[in-house]
Amino acid sequence: MLERYANEEMKALWNEQTKFETYLEVEKAVVRAWNKLGQIQDSDCEKICLKAAFNLERIKEIEKTTKHDLIAFTTCVAESLGEESRFFHYGITSSDCIDTAMALLMTKSLKLIQKGVKNLYETLKNRALEHQDTLMVGRSHGVFGEPITFGLVLALFADEIKRHLKALDLTMEFISVGAISGAMGNFAHAPLELEELACGFLGLKTANISNQVIQRDRYARLACDLALLASSCEKIAVNIRHLQRSEVYEVEEAFSAGQKGSSAMPHKRNPILSENITGLCRVIRSFTTPMLENVALWHERDMSHSSVERFALPDLFITSDFMLSRLNSVIENLVVYPKNMLKNLALSGGLVFSQRVLLELPKKGLSREESYSIVQENAMKIWEVLQQGAFKNADENLFLNALLNDERLKKYLNESEIRACFDYSYYTKNVGAIFKRVFG
């Protein structure tokens, strides 16, 4: 975890102090459950719940000998207690404490992620509504296609982000599960009721079945969902980067007073935040492979997953949280240039209206093949003009004039019918209906 890419609230969940505090929370829940079952007296339960404490430095000192951080933790806590310490960590195994504590930490962390996703969705929705009718050129393969609106672009992003909210709700069900089932998961030394009570105290569900650990397909699902979320965020960031290119310049990241873009070129205003998001998304996705490989543990458990999770889980949550907040800020403060969008629309010389013309000809009796051939032939002439450097002066009249001078078209379409094809409103007439689908 790098401080540079971490928000305080999420970072606070993934440090040694919080980890052992959560271990202690789980252990106290187990003690309370034993007490509820009549196995630990009220006085001992009360003493443990009130007095149990730990010291990080002492845990580290003990671990030098034990080579086992959970035993170092339980030993340290026992030192803070009296005779009642014999009931601390009673009848359970290390993974009962560790995995159940991890469920608590992941649940809290995922709630922060869900909050970030909701914020991003709302920001995209608001900016989409703001630019519902802002005309721009749509691009496929990076090449001009047909007129669209910038609002449609943002609405598409918003709808995709909303899907992640549904996926994360399901993932929350998978990860908010505890297990207090003993060394082999067979409840030999602790009844099922102990697990149900302890997990209930902690606000967790119980796994239907476990061995020594909670099964890692749950963790892998989480990693994959965060990777998918990152890919969607990267898609947004990459599109912003393209739209900010000097020759496009339809949007721009906010550039604050005193900000610098280059140590060598004073004129530079770069999409550095979107580039940063792109890089963070690569980091997030990089954890999917080791988390998937953690699913296949030996028999009732081996420890190969542990080192992976010590790296992956904190970084997955912290980086995803930061990515969301940064992207939300980029969208919220994004500067949009509608005039440049209109200028770029005109740069096609009117080619963006080619399909409209194509679809009018068959209505007049011409075959689709002949229609396509005539329209494409005229379009290729415009490309030849544009190849000669006429982009800077291009407007809709280039293609329109070519069509108006084509004797073959005149047999099927009169001048007013041809001119009617060059109408931006034709391409935006359903935007309102689309928005109603997306946003209700």
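Numbering starts at 1 and runs along the chain as displayed.
Placement of Cβ uses the backbone N, Cα and C atoms for every residue, glycine included.
So that you can see what the record holds, here are the features copied from Swiss-Prot:
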- H141: active site, proton donor/acceptor (ACT_SITE)
- S262: active site, proton donor/acceptor (ACT_SITE)
- 4-5, 67-69, 93-94, Q212, S263, 268-270, N276, 307-311: N(6)-(1,2-dicarboxyethyl)-AMP binding site (BINDING)
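Across the structure, H141 (active site, proton donor/acceptor) and N276 (N(6)-(1,2-dicarboxyethyl)-AMP binding site) are spaced 24 Å apart at their Cα atoms.
Under the three-state DSSP scheme, E309 (N(6)-(1,2-dicarboxyethyl)-AMP binding site) falls in the helix class. Summarising the environment of N276 (N(6)-(1,2-dicarboxyethyl)-AMP binding site), the number of other Cβ atoms within 10 Å of its Cβ, over all protein chains shown, is 18. The C-beta environment of E309 (N(6)-(1,2-dicarboxyethyl)-AMP binding site), restricted to residues of the same chain at least 6 apart in sequence and closer than 8 Å, consists of M102, Y219, M291, N294.
It is 20 Å from the Cα atom of R4 (N(6)-(1,2-dicarboxyethyl)-AMP binding site) to that of S262 (active site, proton donor/acceptor). For the pair N276 (N(6)-(1,2-dicarboxyethyl)-AMP binding site) and S262 (active site, proton donor/acceptor), the C-alpha distance works out to 15 angstrom. Over all protein chains present, the Cβ of R4 (N(6)-(1,2-dicarboxyethyl)-AMP binding site) has 7 other Cβ atoms lying within 10 Å. When the recorded positions H68, H141, K268 are compared by the number of other C-beta atoms lying within 10 angstroms of their own C-beta, H141 comes out lowest. The Cβ of S262 (active site, proton donor/acceptor) has K268, N270 as same-chain neighbours under 8 Å, each 6 or more residues away in sequence.
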